[in-house]
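In TrEMBL this protein carries:
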TRANSMEM  B:26-47  transmembrane segment
TRANSMEM  B:75-95  transmembrane segment
TRANSMEM  B:107-128  transmembrane segment
TRANSMEM  B:134-152  transmembrane segment
TRANSMEM  B:164-184  transmembrane segment
TRANSMEM  B:211-230  transmembrane segment
TRANSMEM  B:251-278  transmembrane segment
TRANSMEM  B:323-341  transmembrane segment
Amino acid sequence: MKALRTRGGLSLRLDIRASVVVAVLLCAALAASVLLIGTGDFRIPAADVVRTLLGNGDPGQEFIVNDLRLPRVLVGLLVGAALALGGALFQAISRNPLGSPDILGLGQGATAGALVMIVLFSGSAVQVAAGALAGGLVTGFGIYLLAWRRGVHGYRLVLVGIGMSAVMTAVNGYLLTKADIVDAARATVWMAGSLDGRGWDQVRPLLVLCAVLVPVVLTYARPLRMLEMGDDVASALGVRVERTRLVLLVAAVLLTAAATSAAGPVGFVALTAPQLARRLTRSPGPNIAASMCMGAALLVTADWISQRAFGADRLPVGVVTGVVGGVYLLWLLVSERKAGRI
Amino acid sequence: MLVDSPPEQRAVTAVAPPNRRAIRGAGLLGAVVVLLLLLVASIAIGAKPLSVGQVWHGLFDDTGTFGDVVVGERLARTLLGLLAGVALGLSGAVLQALTRNPLADPGLLGINMGASAAVVTAISFFGVTSLSGYVWFAFLGAAAVGVLVYVLGGTRNATPVRLALAGTAISAALYGYLQAVMVMDDAALGKMRFWTVGSLVSADMTTLRQVLPFIAVGSVLALALARPLNAMAMGDDTARALGARLNRTRALSMAAATLLCGAATAACGPIVFVGLMVPHVVRSFTGPDLRWILPFSAVLSPVLLLAADIAGRLVARPAEVQVGIVTAVIGGPVFICLVRRRKVTQL
């Protein structure tokens, strides 16, 4: 931690370790993106990818890179960042590392919306995305209202979310049994979370949403840090507790629902990215920038792994993040036990 | 979520006046009567309604009429509902006592997911197609995950929190595997989507005979553990001072819960919330004494399961809604109410 002072009396605190971590993660995410663009049925060396992205490639490569693969990678980066930011906010608000949107049933709610569109209306991709967005938003605000009792308390939010998640899982199971096998297969791929066939149509709304919400979240980052010390301390320090929580929850729900409607409920990014970022920066608080870069890097790397290991578009990215996330949790368990913390 | 339940008040039951014990005994008897009525109702109600006389005829004087055939068909699913209900209720009560967490549930220790992963493996890689074939795989998966959770949770010095975390982590990893298989293999998806919702529809006598011994052994074990678990509820140090053998009790409790829940999941797929809800409701009127909670849970869980099954048959006649879906749709709101009603410090 270092303080920068100007002559005019302005000062800025700079956490050097955190800044380095953000820079490294950002580079990692971009490097993984370049690799991912070069991967597929037609392989392109990384140097050519970079040259094409800068506008100096040959026309054939330009078509493949800019029109086919770049939007997909951008969706991956944006979805990863949005999920991680939503997860970081939820975890900070519920003061619980397990309080991520996966556990709270937002993913299940969005899935229910998407399944209704797929199974009952055989909807197009756009309709499915709209259904998922609506499902996620309704579930998110339902959880908030049900958990409201003279304010929202962290544990109650998590527990209400777990109950909601179970109900939504049952609804999804019912819809799956009602579907014919073609719809069911389509629904399963969607439920795993996949970047297959995503393009500029998904990039634009996500980009706009992130451009609006990230500044909002950043202005509330300081009150959020205070909130982690407990409601009483925070309000004594002048934080408007309920308003902060409401604004941030709305932002988190919007981000998660939008990301889910773009790529499906990709598991565990929201749970693991903020935790990993926190361990790397070793600083308390939600670590917003580091979490977002970590989420983007994780998602794109996972997609690259799934493409390299199993061939193009055989295995949705959500499956890879699910397995990696589970293994990460186990490792966390073993290491925490060795350190004697649990 | 992972907080100790209120301290055990064993003294209350020890000095409970006789009339209080009589009330509880009468309550248990009343619950058994309700269960018997539901057993009959479960045979009588369905796409082809039967009268009580016809049910009696089919059960004790089978002459092969149409009604008698229907009774035979429904008898298997009713008995399976009974067995699975007993197993889920007891395993939930034991797990809540073991982890000292009123929100513990067989799903929490990864047992459901272990069974699901094993069944999907059986379908996709070994080509098993019949339900009686899944049973062994489901059981093996549940048992393997039960042991693994116990080992990862720290065997000798397993704490409630560690067990719950190990269960969550293993479930998470297995869920990824389950989805990978279902995405790549349409045939497995076609079967799994019906198995994972939890249903009594495909019950038959073969399945019943396969799981009965496990549920019987598990139930006896669970009921016998009431006293040591009561002692453990007071905290490890006090329990040790009272002469309870902590490690043995923990290992036996895990074994009982795995046997019961594994058998129930193997026979009818993962059914959530029964094991969570029933012991919770029971505790609200019996108090924390497991010698009452366990028998009440064993009687009231099948009541809930059979009622949900009957409701599922009635709402979508002549088709039906699977029992696992009905329990989750009823159980979710009840769970949310419980969470809202209780003071946060108690959770």
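In case you wondered, yes, glycine gets a Cβ from its N, Cα and C as well.
Quantities reported herein were computed from a predicted structural model and do not represent experimental measurements.
Listed as Cβ neighbours of the transmembrane segment (B:211-230) (distance under 8 Å, sequence separation of 6 or more from its ends, same chain) are residues 8, 10, 83, 86-87, 90-91, 93-94, 97-98, 135, 139, 239, 244-245, 249, 252-253, 255-257, 259-260, 262-264, 266-267, 288-291, 293-295, 298. Beyond the transmembrane segment (B:107-128), the same-chain residues lying 6 or more positions past its ends with a Cβ under 8 Å from any Cβ of the stretch are 95, 99, 134, 137-146, 148-149, 163-164, 166-168, 170-171, 174-175, 177-178, 181-182, 185, 187-188, 191-192, 195-196, 257-258, 261-262, 265-266, 270, 272. Beyond its flanks by at least six residues, the transmembrane segment (B:251-278) meets 80, 83-85, 87-95, 97-98, 103-107, 109, 111-113, 115-116, 134-139, 141-143, 146-147, 149-150, 195-200, 203, 207-208, 210-211, 214-215, 217-219, 221-222, 225, 229, 297, 300-301, 304-305, 323-324, 327-328, 330-332, 334-335 of its own chain at Cβ-Cβ distances under 8 Å. Taking every listed stretch (B:26-47, B:134-152, B:323-341) in turn, the largest tally of C-beta pairs under 8 A with the transmembrane segment (B:164-184) is reached by B:134-152. With a threshold of 8 Å between CB atoms, the same-chain residues lying at least 6 positions outside the transmembrane segment (B:26-47) that come near it are 54-55, 58-59, 70-71, 74-75, 77-78, 81-82, 285, 292, 295-296, 299-300, 302-303, 306-307, 309-310, 313-314, 317-318. Through the fold, the transmembrane segment (B:323-341) approaches residues 81, 197-200, 268-274, 276-277, 280, 304-305, 308-309, 311-312, 347 of its own chain, all at least 6 residues removed from its boundaries and within a Cβ separation under 8 Å.
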